[in-house]
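These features come from TrEMBL:
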- 18-37: transmembrane segment (TRANSMEM)
- 49-69: transmembrane segment (TRANSMEM)
- 89-110: transmembrane segment (TRANSMEM)
- 96-233: domain 'Fatty acid hydroxylase' (DOMAIN)
- 150-170: transmembrane segment (TRANSMEM)
Amino acid sequence: MESIISYFETIPSSHRSIILASGITFFWLLEYAVPLFRFKYKKFRHGALNIFFTLTTIVVNFALAFILLKTSDWTVTHNFGILNWVGGMPLWGKILLGVLLLDFIGAWFAHWVQHKIKVLWGFHLIHHTDHEVDTTTANRHHPGESVIRFLFTCFGVLVVGAPIGIVMLYQSLSVVLSQFNHANITLPKKLDDLLSYVIVSPDMHKVHHHYVLPYTDSNYGNIFSIWDRLLGTFTKLPNEDIVYGVDTHPNAADNANIGKLLGIPFKKKRNRAVDAPTLKAEQ
Ligand SMILES: [Zn+2]
């Protein structure tokens, strides 16, 4: 356990890049073997756009990394934050609690806030404009959203009092599990259901990418599904009823145009249909 943490304490940037690239490659290949939907799309062209946004995410996080490191070091030196306040816990317990709480504050809460505050939604909706959700969608984030998420991560590290080893372990798990739950793959239904009691499963996350409310405003989880289950935001929708995208931005050509996507947060906000007729018919 200690050796895992000491590895992540000093994990080189190259290893982090390898984790990200291997994850994409693995799930990309798996999408050919067990696809959930048979998209009629140019997989490489679609992937290239999302990789562009993945690269901007990496640049933002790399440029700001020193702030994350300083925040974590500060909590350790000043004995600040939950992990420093709970005594008598074995290392594995601290790691588990640290990863759980970082996932809640830095991801679930950050994601929920971005759906609830209009200005922030303007940035986050770029992630939702993908009409073919696959493993490359995981990091399709507007650079503005990358900054917002980074700030929430720093806030999470401060509250949790997470040493940098736990932060890096959390981020590495987060990258791979986000690629997993966005991947256009289908698992045996029972397995998917079983996984969704602990972690966000592929079927669970796809509901979040359905184009209309209230489904878009559900299943916010990143690694763990327990936050949605505890906080009442867990929903189900059969795969065959899922339509990817956002009701306010239905133009697929615009949603594949980097310039247009980058400009969305600065345009007038469009109102979402709260009660979509298709959903009313279902209920
Ligand atoms: Zn979202």
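Note: Cβ is positioned from N, Cα and C throughout, glycine not excepted.
Ranked by number of Cβ pairs under 8 Å to the transmembrane segment (49-69), the listed stretches 18-37, 89-110, 150-170 are led by 150-170. In the predicted model, the domain 'Fatty acid hydroxylase' (96-233) has a mean pLDDT of 95. Counting residues per DSSP class in helix, strand and coil order gives 94 helix, 4 strand, 40 coil for the domain 'Fatty acid hydroxylase' (96-233).
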